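All remarks here apply to the structure that follows.
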Amino acid sequence: MNDKLVFLGLLYFVQGIPYGLQSSLLPVYLRGAGHSLTRIGLTKILYFPWVLKVLWAPLVDRVGTKRRWLVATVSGLALTCLFSAALSPETHIWGVAGTLLAMNALASVQDIAVDGAAVGLLKGRSELGLGNTAQVVGYKAGSVFAGGGLLAVIDVAGWGPMFMLLAFVYFGVALFVWGAPVLDDELLRGQAEGRRGVQSDAVHPWRVWQKLLSVPGTPWTMLYVLTYKLGEQGAVTMFPLFLLDNHMTARELGFWNGVIAMGFSICGSSLGGLLLSQFSIGSLMRRVFVMRTVSMAFQSSLLTVLEPSPLMKGMAVLSLSVQHFLGGLITTLTFTTMMHCTQRAEESVQATHYSFLSTLEVLGKLMFSALAGGLVDWVGFPTAFLLFLVLSAGTALHVWRATDTGVLREQLKEQPK
C-alpha cells in the first residue's frame, strides 16, 4: 500500500506544479514587471485545456496503457520546461503563454491517466481514503513548491535556472514511472476493455447526455459547481496582488501566500475528510460557507488600509491563512458532493458523469478568475471585493436553501455508510 501512495502522491505532486506556477508565481512576477491586472487576469484562459479534458478522456481510457500515457505526458512537461527556460517573460510574453498552455494541456491528459491508474490500484474503502488524501496533499504540495518555494527564490536564481530545475524534476519522475513495479499495465488495460461493452452509446452520444442530465440531483450540482468558488476565486486571485502593490515584496508574498497559506489549504482539505466521518455533509456545508462569507468580509475591510505596518501585514497573513483553510475544506466537501451525485448514475456513465461535473467546476473558477483583473482595473479593489463578498454570500444562501428544503438532503440520502 505504501508503494501505491508514494506512486500516486508523486504523480499528483508534479501535476500540481503548473497550477502553482500560473496561480501564484506568474501573477506576482508579471505584476512586478509592470503588467496590468487585466492582462494578468486573462492569463487564466491558459487553463482552458482542463475544460476540454472530458473530450479526450475516452481516448486515454481506450488507447495504449496508463504507463505509456503517464511517461509521455510527464516527459512532455519536462521538454516544455526546457523550452520555457530559454525564454524571458519580459520580452517573450506570448512564448511564455504558449509554454504554460502546453503545460496545462499535458497536465490535463496526465490527470486522466493517473485517475484511471488510481481506480485500478486502490482496493477497498481504506485504500480509497488514503489514496484520495495522497491526491489532495500531493497536488497542493506541488502547487506550494512551484508557486511559493520557487517564487521565494526566483529573484536570486532567475527564470531560466528555475525552469531547468523543473525539467530535471519531470524527467526524474518520468524515469520513475517507466520502471515503477506498482503499475500493472495489463490490469489497467483490462479496466478499459471492460468498458467497451457500452460502445453503442458512443455511436449515439446524445443518449449519454440524456443519461447524464437525468441523474437525480445533477441540475442542482451543475449550478453549484459552476458558482461555489466565484467570490472566493476573485479574492484569492486579487488580494495577493493588492498586498504586492501596498504591503509586501514578491519574496514575502511567495512565502506567506505560496507556502504558509497553501499549507493551511492542505490542512483544511485533510480536515474535511475527517469531519465527514463524524458529521453530515449538509450541516458542514452550511456552517463552512457562512464562515467563508465572514472571512471575506474581514478581508475586504483590510483594503481600506494602505499604509504599510507590521499589524496590517499580520492581519493580511491571518486573512490569507483562514481563506485558504476554508477554501481547502470547501473543496473536499464539494468533491464529495459531486461523488455522491455520480453514484446515483448508471454504472456505464459514472466516469463520464464525474468528469462532466469536474469540467464544470474548473470552468466556473476559470471564467471568473480570468475577468477578476479587468474588474479591479475598472472599478478598483474596494468595489470589486464588495462584489466578491456578495457572490460568496449568495452561494452560502444557495447551499443553505438546498440543505433546508431538501434538494441536497435528498441527494445525500443514498450516501454509502
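From the backbone N, Cα and C atoms, a Cβ is placed for every residue, glycine too.
What TrEMBL says about a protein is an automatic prediction, not a curated fact.
Proximity of distant same-chain residues to the transmembrane segment (40-57), defined by a Cβ-Cβ separation under 8 Å and at least 6 residues beyond the stretch ends, is recorded for 22, 26-27, 30-31, 97, 100-101, 104-105, 107-109, 111-112, 237, 241, 351-352, 355-356, 358-359, 362-363, 366, 369-376. Here TrEMBL flags 40-57 (among others) as transmembrane segment.
Annotated transmembrane segment per TrEMBL: 69-87 (among others), in sequence order.
What TrEMBL lists as transmembrane segment is 163-183 (among others). Same-chain residues lying 6 or more positions outside the transmembrane segment (163-183) and placing a CB less than 8 Å from one of its CB atoms are 3-4, 7, 10-11, 14, 17, 66-67, 70-71, 74-75, 77-79, 81-82, 84-85, 117, 121, 146, 150, 157.
Feature annotation from TrEMBL assigns transmembrane segment to 253-276 (among others).
Positions annotated as transmembrane segment by TrEMBL: 318-339 (among others). Beyond its flanks by at least six residues, the transmembrane segment (318-339) meets 136, 140, 221, 224-225, 228-229, 232, 235-236, 239-240, 256-257, 260-262, 264-273, 275-276, 281, 284-285, 288-289, 291-292, 295-296, 298-299, 302, 354, 357-358, 361, 408, 411-412 of its own chain at Cβ-Cβ distances under 8 Å.
Using a Cβ-Cβ cut-off under 8 Å and counting only residues 6 or more beyond its ends in the same chain, the transmembrane segment (351-372) has close neighbours at 37, 41-45, 47-48, 50-54, 57, 61, 195, 208, 211-212, 215, 218, 221-222, 225-230, 233-234, 236-238, 334, 338-339, 341-342, 345, 384. Taken from TrEMBL, the feature transmembrane segment applies to 351-372 (among others).
The transmembrane segment annotation in TrEMBL covers 378-400 (among others).
Tertiary neighbourhood of the transmembrane segment (378-400): same-chain residues 223-224, 227-228, 230-232, 234-235, 238-239, 242, 285-286, 289-290, 292-293, 296-297, 299-300, 303-304, 372, 408, selected by CB-CB distance under 8 Å and a gap of 6+ residues from either end.
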